[in-house]
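Take a look at the structure set out below.
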Amino acid sequence: AESNVVTLTGDNFTEWTEKKGLSLVEFVAPWCGHCKKLAPEYEKAAEVLKSEDIHLGKVDCTEDQVLCEKMEVSGFPTLMIFKDGEHAAYNGTRTESGIVSYMRKQLLPPLSKLDADSFDKFTKSDRVVVVGFVEDSESDEYAVLDTLAKELRDDFTFGVVADKDLAKEQGVTSPGVVVYKQFDDGKDVFEEDITAKTLRTFIKTSSVPVLDEINGSNYAMYAQTGLPFGFAFFDSEETRKELEKQLYPVAKAHKGAINVVLIDANKFASQADHLNLEHKWPAFAIQKQANLDKFPFSQDEKITEEGIDAFVKDFIGDKLEPSYKSEPIPESNDGNVFVLVSKQFNEVVFDKSKDVLVEAYAPWCHHCRSLVPIYEKLGSILKHNKNLVISKMDAIANDVPSSESALQIYGFPTIVLVSGKNNAIVEYNGNRSLESLVEFVKENAAYDITYNKSDLEVKDEEEDEG
């Protein structure tokens, strides 16, 4: 079948993007797996949008390298929106529905004025539509809606009604806000005073279903709410249906406090590992987004509506202790480098009588293995400093039991100094040489550090500038 996606080259790119009122261009490479995955979704979106005068094109960067360099394409696929001679990054999802929704929003003003003739079609035009009912365009509520519509226009469609009869017909008392949606009960009514903060939170919370299956295509939608996740793992359709039956009332009762989601254990078992769950299904655990604290529901108990409801209530009421994976506390720990485990983490790291250098490593990390002799030497030459601890922790076998964002591990090795007296945290970003590490400790420690400069002489093969 003939494609609705126009193939663009250096010869027709400029003319095509300037003549089309609104277009989306995908920059691809034939070998790119993500490009291949996107291709059918992109084609289906082009079919839907062609009747709306929204055009989709693509550029093969292996054929038009000069053009792609000019457009500063640094990865594949890269998608850009072109409108009125200007271009901007596409920030929507890579699904047919996501592309269609995102591009339709680009044709609309941030806040569309609605009347009786346009209301029904508008409220059914997208997956989530926010409509404010106000007295007039001079009201404080209108100003809040206008501000949020501009801020969130890439994510949501906004409309406003200043017609008292239409508001009455819709059962809304002005000022008011209704989120119309193509799932759950069809709409959520905002019942608080209209402020940017409260309305923003309400819109984001309303934009996700009460209970749905989570995957790569919708994770960001849930994440943008900022709410904790309640992950319910299933490994069969039968288990999934039973979880839906038990958890839907819980998810609905606590909507706005936690996002309860179903997750396929066959595809995402590694997520269960992060939540300190055994591979026994079904399973349930809560995870905070802010600091990744996790709260696994006992796998010795059956998952029931009553049990999970009580568990979620205890979580909301701060009655649950986070779960931290930890190796046993070593029986002997008097080496040059202190072996740190989760069970001792806070006790050792936040001891204000000492400066503590922490290396978080992974056993499989090449850079971590290369650092071992240098780090061991560091511990050796600084060990006589009684107010200093040089420590290391296997970050695969141990969690960091702290909400401090500066202590969260995003790569290996991660090295930080927690200074004594005030527990200030400083991340090490230098090269992995002994001299640099010693200088870092000396500069950032709260207590005086002494060492023999002659001890810094190490063999070249021990150095790793990494």
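Here the Cβ of each residue, glycine as well, is placed from N, Cα and C on the backbone.
According to TrEMBL, the features are:
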DISULFID  C32-C35  disulfide bond
DISULFID  C365-C368  disulfide bond
DOMAIN    1-108  domain 'Thioredoxin'
DOMAIN    314-446  domain 'Thioredoxin'
Query raised in the report: If one looks at the chain holding C365 (disulfide bond), which residues at least 6 apart in sequence have a CB under 8 angstroms from its CB?
Result: F412, P413
Query raised in the report: What is the total of other Cβ atoms whose distance to the Cβ of C35 (disulfide bond) is within 10 Å?
Result: 20
Requested in this report: On the DSSP side of things, how many residues of the domain 'Thioredoxin' (314-446) fall into helix, strand and coil, could you say?
Outcome: 42 helix, 24 strand, 67 coil
**Report entry** Which of C32, C368, the listed disulfide-bonded residues, has fewest other Cβ atoms within 10 Å
**Finding:** C32
Report summary line: Restricted to the domain 'Thioredoxin' (1-108), the mean pLDDT of the model is 93
Report task. List the Cα distance (Å, whole number) between C368 (disulfide bond) and C35 (disulfide bond). Result -> 34
**Report entry** For the domain 'Thioredoxin' (1-108), residues assigned helix / strand / coil by DSSP
**Finding:** 45 helix, 27 strand, 36 coil
